[in-house]
Amino acid sequence: MRIEQLQYVVEVALTGSISIAAERLHVSQPNISHAISTLEKEVGLTLFHRTRSGTTPTEAGKSIIAKAQSILLQLDDLKETAKVHSTLLDEQLSIGAISGICTSVLPRTLSSYASKYPYVEMEVVEDHSGGIEERLLEGKLDLGLMGITGEYSHKQLTAERFLSCEIMACVGAKSPLASRKSLSLKEILEYPILGASGHMQELLKPHGTPRQLFHSKGTEAAKCVAAEGMAICFYMDMSLKMDPYVATGQIIPIPIKEKPVVHLYWVHQKKKLTAASEAFMKELFLQLDQFNRMQRFY
């Protein structure tokens, strides 16, 4: 069994004609007919009904042709992977990401990416979305993974939304709010908060003045304080799914009644992505899919 035999049967099945398939593949009709006959002998099945009106797959042929299509797609993927590997030799990749991504799907993505493309030199910067945007405009980053509360666009940048996450109010196990099933923004204002983003502060303002316990750029520092029951902090639901503080019961995530949402965007300058960047985004989407599937078992 040869690859070209699989290509021939798939093309004949798609076109319903040996002559059209021969024309598309730039081979002679006798070559295709001989290849199909040889394959039929090898598998011991008749793959096509041949009539004056055309060539159609038999029931057994449909199954074989579907397998052949799958093999050819895998072969294309193999070729693409080899092409990417050869292109990525000695490339560099700089990525900026918000903390919610850094503490959820990014570590797995980086690990898998590094094992597949060991010659790519990577740099990862954790920052807020405004800082990531600034670095992109300065040419200091190839890719930015940002969290925006609404629609995002910039005349010098290309942005594509890839996920939306709900913001959760997080309290310590010792907090009087730990047993609550939900909290409104008005209720949240009755307690000290910490590490609130500009967006969260804007959402809270119509209900009163937020009492910021302290400002911290460090995600872990805020979690330590929240775990002691001293204040409420805010995180994307995705970033909490495998969080050790949540897993051990030190922090309790509580849904906010108004359901504030953060949209995640991947952003880059308005030019063609490098091979390293394209390969990274492909890996990120793969890991996101696996991450979401894994959460169904928790």
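A Cβ is built for glycine as well, from the same backbone N, Cα and C atoms used for every other residue.
TrEMBL annotations: computationally assigned, not manually curated.
According to TrEMBL, the feature domain 'HTH lysR-type' maps to 1-58. Using DSSP to sort the residues of the domain 'HTH lysR-type' (1-58) gives these counts of helix, strand and coil: 36 helix, 8 strand, 14 coil.
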Quiz prompt | Average model confidence [pLDDT] within the domain 'HTH lysR-type' (1-58) | solution = 90
